[in-house]
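Structure first, commentary second.
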Amino acid sequence: MDPSPLLALLLLLGAARALSTCQRLDLEAAKKKRIEAVRGQILSKLRLTAPPPASETPPRPLPDDVRALYNSTQELLKQRARLRPPPDGPDEYWAKELRRIPMETTWDGPMEHWQPQSHSIFFVFNVSRVRAEVGGRALLHRAELRMLRQKAAADSAGTEQRLELYQGYGNASWRYLHGRSVRATADDEWLSFDVTDAVHQWLSGSELLGVFKLSVHCPCEMGPGHADEMRISIEGFEQQRGDMQSIAKKHRRVPYVLAMALPAERANELHSARRRRDLDTDYCFGPGTDEKNCCVRPLYIDFRKDLQWKWIHEPKGYMANFCMGPCPYIWSADTQYTKVLALYNQHNPGASAAPCCVPQTLDPLPIIYYVGRNVRVEQLSNMVVRACKCS
């Protein structure tokens, strides 16, 4: 057996060790470490080298406007947390394959309906090809529609238009996806739109064609049918004749969908990972949950008791939480490099070749504090651990 590949992998794992801070800690040690980290975070975020000196006289009652500002900030943060999309699952860890699926470029037969118009252009894709390239819906991680805005002529440089992207349905209806202002410049520019949800629908449905429409924004007061002509030129829609058409097809950069998907051979790992819930507070703090692996661990920090601080008026403390637990479901017993990892750990017992349990979602913390007799309201970023991941 040639030892070269094995040695190369061991060297790579040695480099990875230098980037890892993952260490085994008992629960009490982890709590103490988190409390000290919070102490340093708060002081550094407020640009303080030490806690403000305590006032000799008790602080006056909070002004109504300060209390109102603090309460409204808390409500806004709660609303944002409710609307926040769920964190990425464990499959975020794995490398993704990139698949390039160009749009259809013939305008005859059933495609004749999708010829470019003065104010709109259409991107038509063979959904059967998308399914063959990507595989199942569960394997798709992200999809982007990419197109090249061609450089503008000297007399139209600086032109700016509001363009809107829509997804087409079989019943001739359209769903708005994205809008953006695009400026024509003297250089080519790649434009990209997130179409992950649309491609997910293609992979789940039975449609033969998937269609996107890019249109010039039509102000409401003008009414439908009165949109400006599209002055932004997208490569791939030029109409050539005769021999020039075949030559142009070879060299033009047509719009395409870039699909990022897990390889099909990793479907078993994906299926196993998706059986796990998101490692957030809803799951980790749920009734009956006794998760031994990576999860959010509860930790309430009392500013007076744990930090010996009296200068923070509100809140009196907060749920800081922390991440803790092994990550066995990524480096499992059936992983192909298990033997190599075991050999590496044998020679490097203090190393951690496996991923670490680290924060994935963090929320801010609003506080009211005094500097002398002056009251201030501040929002401290990334203070509350809401979800963890293995990385």
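Glycine is treated like the rest: Cβ placed from N, Cα and C.
Matching Swiss-Prot disulfide entries to the candidates CYS284, CYS295, CYS388, CYS390 identifies the partner of CYS327 as CYS390. Here CYS357 is paired by Swiss-Prot through a disulfide bond, and of CYS284, CYS294 its partner is CYS294. The secondary structure of CYS294 (disulfide bond), as reduced to three states from DSSP, is coil rather than helix or strand. Mean pLDDT of the predicted structure over the region 'Bowtie tail' (221-249): 66. Set side by side, the disulfide-bonded residues CYS295, CYS327, CYS388 differ in how many other CB atoms lie within 10 angstroms of their CB, and the most is found at CYS388.
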